[in-house]
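Below is one structure; the comments refer to it alone.
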Amino acid sequence: MKYKDLRDFIAQLEQSGQLKRISREIDPYLEMTEISDRTLRAGGPALLFENPKGYTMPVLTNLFGTPDRVAMGMGQPNVAALRQVGIWLSYLKEPEPPRGFKELMEKLPIFKQVLNMPTKRLSSAPCQQRVLEGEAVDLDQIPIQHCWPGDVAPLVTWGLTITRGPYKKRQNLGIYRQQKIGKNKLIMRWLDHRGGAIDFREWQEAHPGERFPVVVALGADPATILGAVTPVPDTLSEYAFAGLLRGSRTEVVKAVSCDLEVPASAEIVLEGYLEPGEMAPEGPYGDHTGYYNEVDEFPVFTITHMTMRKDAIYHSTYTGRPPDEPAVLGVALNEVFVPLLQKQFPEIVDFYLPPEGCSYRMAVVTIKKRYPGHAKRVMLGVWSFLRQFMYTKFVIVCDDDINARDWKDVIWAITTRMDPARDTTLIEHTPIDYLDFASPVSGLGSKMGLDATNKWPGETNREWGQPIVQDEAVKQKIDALWDELNILG
């Protein structure tokens, strides 16, 4: 099912028992986090806090708190169907013309979906029902969560940051956390390789000293939100991909203060600029690693205009030790990554990012091994193929008889098919998430590859063990007798 806006999605969730309204007064300071965390860990519903302490604006959390709700938001019936989204992305990343009528018919659904990718620009929109500017801009009107006791200030977590660089026609949408430091100021925490940071860097090169226009949208429709966290090709706007997911063109409206386009159905829109050279210390904050991060400097976002619906809803989340909402997103988006990797490496059978590993710091890959050294080629490919895996510290490669998603299977392969000296690959001085305080230098560390495959001639001179497998005829005979034996009661 497709959803025209966030409210349509909320209504469908409520109808199916996947949204809980909380009318009791709950404090955005710590209390919402504790309730949301307990609910998410229990696989519970999305939460709509209707009476935040000190505010009149309701707060929506845990929207994507289960993998199935992520799939729903992407217009798919279940998590397994997200493989289709990965197939679309692999085609968009490297499109190939059909080689005949049969292949044309096979690709026709993709071609039809591509027609929904251009945006539809409106002259007016719900997100601009109220317009505040200048002194009237006041972030204190928004019940921004203060998630953890050691957090330095309230934190905007689900803002879709919209930018455009000087050399690209497409707009970039990214989700970067933003620390509140004043009534009209936030700190824009983005890493150097992210689209918004690249746009800002190129802007400063092309327009030195000039202010960089930025818009942050809160509470967009689910396809647009999830498009911003999906690994779309660099040449494609997340708006275009959202249209493909939704099956209808993304409706946008021109921002009040600049030429950037904002989601027409968004609940709240913050418009403003980054002043070159204006930086501020960000953090510490409790993060998806389960620790408080170090303080570092990032650009300051000055808000000149705040537009919103008349009865706006604030969409929020928290991050902490997995499972949290980003970890749940990681579980669902894992299915999107598989077809992308398989197009480049057809020998890959499965690919798994364990949520316990922060959903990106460790990967388990199973392959149909074809030659000596094959596992090392795959691990190097994983690190270099998609930007999303540049911070993956550990890659474990196993044969296709191993279930990548079963730790008992994976550990058995590691302990029976690996020699630590021969089968471990260490690479130093590689990009590492700056939040990873275990690395010796901020932003620079090492990677480890583990070849847990069966070894071929050339990789070992020893006779290799054969796995124990029961005789199939005996298994079938005992299957027929099992209930009669009544061993387990």
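Quick reminder: no glycine exception, Cβ is built from N, Cα and C everywhere.
Here Swiss-Prot flags Asp287 as active site, proton donor. The Mn(2+) binding site annotation in Swiss-Prot covers Asn172, Glu238. The feature prenylated FMN binding site is assigned by Swiss-Prot to Ile175, Tyr176, Arg177, Arg189, Trp190, Leu191, Arg194, Gly195.
Annotated features, which come from Swiss-Prot, shown on the structure.
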residue : record                      : Cβ neighbours (10 Å)
Asn172  : Mn(2+) binding site         : 22
Ile175  : prenylated FMN binding site : 20
Tyr176  : prenylated FMN binding site : 23
Arg177  : prenylated FMN binding site : 21
Arg189  : prenylated FMN binding site : 20
Leu191  : prenylated FMN binding site : 16
Arg194  : prenylated FMN binding site : 18
Gly195  : prenylated FMN binding site : 24
Glu238  : Mn(2+) binding site         : 26
Asp287  : active site, proton donor   : 20
> Hey, how far is Ile175 (prenylated FMN binding site) from Asp287 (active site, proton donor), Cα to Cα, in Å?
Replying inline: 14
> Same-chain residues six or more away whose CB lies under 8 A from the CB of Trp190 (prenylated FMN binding site)?
Replying inline: Thr161, Gly174, Tyr176, Gly196, Ala197, Phe298
> Taking Cα atoms as reference points, which of the recorded positions Arg189, Leu191, Arg194, Asp287 is nearest to Glu238 (Mn(2+) binding site)?
Replying inline: Arg194
> Can you tell me how far the Cα of Arg194 (prenylated FMN binding site) sits from the Cα of Asn172 (Mn(2+) binding site), in Å?
Replying inline: 10
> Expressed to the nearest Å, what is the distance separating Gly195 (prenylated FMN binding site) and the residue listed as 'active site, proton donor' at their Cα atoms?
Replying inline: 21
> How many Å separate the Cα atoms of Arg189 (prenylated FMN binding site) and the residue listed as 'active site, proton donor'?
Replying inline: 13
> Inside 8 A of the center formed by the CB atoms of Ile175, Tyr176, Arg177, Arg189, Trp190, Leu191, Arg194, Gly195, which other residues of the chain have their CB, for the recorded prenylated FMN site?
Replying inline: Thr161, Gly174, Met188, Gly196, Ala197
> Between Asp287 (active site, proton donor) and Asn172 (Mn(2+) binding site), how far is it from one CA atom to the other, in Å?
Replying inline: 24
> Any idea what the Cα distance is from Leu191 (prenylated FMN binding site) over to Asn172 (Mn(2+) binding site), rounded to a whole Å?
Replying inline: 14
> Going by DSSP, is Gly195 (prenylated FMN binding site) part of a helix, a strand, or coil?
Replying inline: helix
